[in-house]
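The following features are taken from Swiss-Prot:
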ACT_SITE  Asp255  active site, proton acceptor
BINDING   Asp212, Asp255  Mg(2+) binding site
BINDING   Asn220, His225, Asp229  substrate binding site
DOMAIN    18-154  domain 'GAF'
DOMAIN    204-337  domain 'GGDEF'
SITE      Lys217  site 'Transition state stabilizer'
Amino acid sequence: MSDQIIARVSQSLAKEQSLESLVRQLLEMLEMVTDMESTYLTKVDVEARLQHIMFARNSQKMYIPENFTVSWDYSLCKRAIDENCFFSDEVPDRWGDCIAARNLGITTFLSTPIHLPDGSFYGTLCAASSEKRQWSERAEQVLQLFAGLIAQYIQKEALVEQLREANAALIAQSYTDSLTGLPNRRAIFENLTTLFSLARHLNHKIMIAFIDLDNFKLINDRFGHNSGDLFLIQVGERLNTLQQNGEVIGRLGGDEFLVVSLNNENADISSLRERIQQQIRGEYHLGDVDLYYPGASLGIVEVDPETTDADSALHAADIAMYQEKKHKQKTPFVAHPALHS
């Protein structure tokens with residue numbers, strides 16, 4: 001193998017690039033070494049029995065189309081693998097029944113299968129020409145080398161994608177309350193920063209509703225933690241259904257939830273209070289017990305984001321909630337054995 005090819009391969013591998021970018025460079029070099037008109041990479045779906053041409057280089061009159069799919073069972077590549085014949089300069093005579101080869105005018109064909117490091121079959125790396133070309137050991141070596149490099153790169157990209165997906169899942173998990181599926185405290189505070197910035201830009205005020213579920217500890221103590229968890233889950237589901245554009249709804253932790261809304265001409269504290277209470281108040285089915293819940297303690301404040309930051313607004317809503325809890329008439333929940341069990 002010439003020093004020029006080795007140098008170009010080394011340069012290509014040293015760059016951070018996509019699979020497509022790498023393959024296109026290798027196809028160009030493969031064309032130089034094999035003296036073929038077309039070089040191309042295919043991916044094979046063995047279950048569907050289809051071969052897909054992913055990337056192709058065509059420098060002369062022969063044209064191998066990209067994004068072209070053929071039957072795997074009737075392809076040149078499968079014939080080459082089945083017969084262990086990876087080079088032929090007599091394709092019309094040897095594989096004259098191959099319609100694709102006949103339509104493309106292929107006379108000389110060189111290919112090698114690509115197996116990923118885990119042993120799975122990926123596809124083929126090929127070179128073809130409408131004219132007779134001689135086989136060379138150098139061309140065979142380069143073809144095998146490039147097939148191995150592509151296999152390694154495909155495996156690397158797959159691993160990187162798995163890492164990306166795992167990282168995205170971890171990020172999503174870190175921003176989600178595991179019990180209710182609502183945004184958690186971390187997500188709430190980050191969304192608040194964005195919401196306050198938006199409100200300043202729109203010259204809107206912000207309403208913050210701090211929600212404390214009265215008698216939640218009593219529900220837990222009397223009916224067990226499973227019933228308590230079901231209660232929290234159902235409260236979260238109900239709050240989620242009232243979400244409107246420009247609102248942040250989440251669980252701060254324990255029995256505390258938060259609703260933050262961009263104020264507009266059609267909204268006020270009393271209407272937001274009623275929306276929330278209507279959602280929370282009502283029947284809950286908690287496994288072996290049905291429970292009528294009269295409502296939560298709400299602390300709702302309206303703030304100007306130009307003069308009040310998110311932390312101060314939350315603190316004010318928290319104080320307002322405790323003031324309501326302190327002065328509200330105690331209305332116990334009513335529970336009875338579940339009729340649906």
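Positions of Cβ are set from backbone N, Cα and C atoms, glycine also.
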Cβ within 8 Å of the mean position of the Cβ atoms of Asn220, His225, Asp229: remaining residues of the chain near substrate: Ile219, Gly224, Asn226, Ser227, Gly228, Leu230, Phe231, Leu232
Helix-strand-coil residue split for the domain 'GGDEF' (204-337), DSSP-based: 55 helix, 42 strand, 37 coil
Residue from Asp212, Lys217, Asn220, His225, Asp229 whose C-alpha is spatially nearest that of the residue listed as 'active site, proton acceptor', among the recorded positions: Asp212
Chain-internal residues near Asp229 (substrate binding site), provided their CB is under 8 angstroms and they sit 6+ positions away: Leu179
Residue counts (helix, strand, coil, in that order) that DSSP gives for the domain 'GAF' (18-154): 54 helix, 40 strand, 43 coil
Spatial separation of Asn220 (substrate binding site) from Asp212 (Mg(2+) binding site) - C-alpha basis, Å: 15
